[in-house]
Amino acid sequence: MTALDIEEIPGVGPATADRLRDAGYITVESIATATPVDLAEAAELGESTTKKIIKAAREMADIGGFKTGTDILARRQDVLKLKTLVPEIDELFGGGLETQAITELYGEFGSGKSQIAHQLAVNCQLPQELGGLGGSCLYIDTENTFRPERIEQMAEGLELADLPEGYVVPTPDEFLANIHVARAHSSDHQMLLIDAARELSNELTASGLPVKLVIIDSLTSLFRSEYAGRGTLAGRQQKLNRHMHDLFKLVDDLNAVALVTNQVMANPGLLFGDPTKPIGGNIVGHTATYRVYLRKSKAGKRIARLVDSPNLPEGEATFMVETAGIKPC
């Protein structure tokens, strides 16, 4: 299907199109799914103007009506898979982490959440034939856990076979250059970084290395520290809900993978079984497409359990965290 140019939208001339692109709205679909208020603020346009533009974009993109299951299946053909290169984990995900979806990793400290995030920041730059997506990575760091030295170790530790003809594996420095890191200092700043990600993705697409992975490590840390106590819970959940939906719209527009890590807490009311539960409640639970519980095991092993998915059965996979990266047991 041929992509539509935003200048084809009735009422959008070259000047307006430039404003929209600068704000990160580079496709007709991204405009069609925006709200008038968001579009007006981002592109500095009048709200009445943005309402007309959004209406026209929805008509062009055929968004807002019912579609048959066949139509949905056809769109699913655009979904790509990002591999961890650990066969057991990739099988758990049905071939890898999906684009146009949010995958949540939750678990206690040291369970491997940030390690998997670092590994995928490397892997996403590989060509599709080698399990990657041939793109760049945006990494929103809320806990100061991003370590470039770890990226270098993982880049050097890649074990690749059957390289495509003419393909040269990037150097560790080249891998690092394609990971764009932003340190979030507050929940509001974290939410604004999704808007900044739209603008940066526009530039990177033009450079030939589109954004194919967006990582937030961790999703709830800043929200949790700023909104303490039950009296602030409603406000926190409202902001978190908006943040998650903005993230989903971003990766849906970019056909990219969203990976978020999440903290956990103990459920004191549970008398039997594992009392560990993720932060964020139903808001995160309903918005994340895939939820994976990570926990430590014996002899340095880690266990990844897929606990929620719209199309895959529950299951477990084991892996090791080594100097060279995430590896099979």
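Heads up, the Cβ atoms here are built off N, Cα and C, so glycines get one too.
Residues or ranges marked as ATP binding site in Swiss-Prot (evidence: sequence analysis): Gly107, Glu108, Phe109, Gly110, Ser111, Gly112, Lys113, Ser114. In the three-state DSSP scheme, Ser111 (ATP binding site) falls into the coil class. Around the Cβ of Ser111 (ATP binding site), 23 further Cβ atoms fall within 10 Å across all displayed protein chains.
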Same chain only, sequence gap of 6 or more: which residues have a CB within under 8 Å of the CB of Gly107 (ATP binding site)?
Lys113, Val264, Thr276, Tyr293, Leu294, Arg295
Cβ neighbour count within 10 Å of Phe109 (ATP binding site):
9
Which same-chain residues, if any, lie at least 6 apart from Gly110 (ATP binding site) yet have Cβ under 8 Å of it:
Lys296
Packing count at Gly112 (ATP binding site) (other Cβ atoms within 10 Å of its Cβ):
22
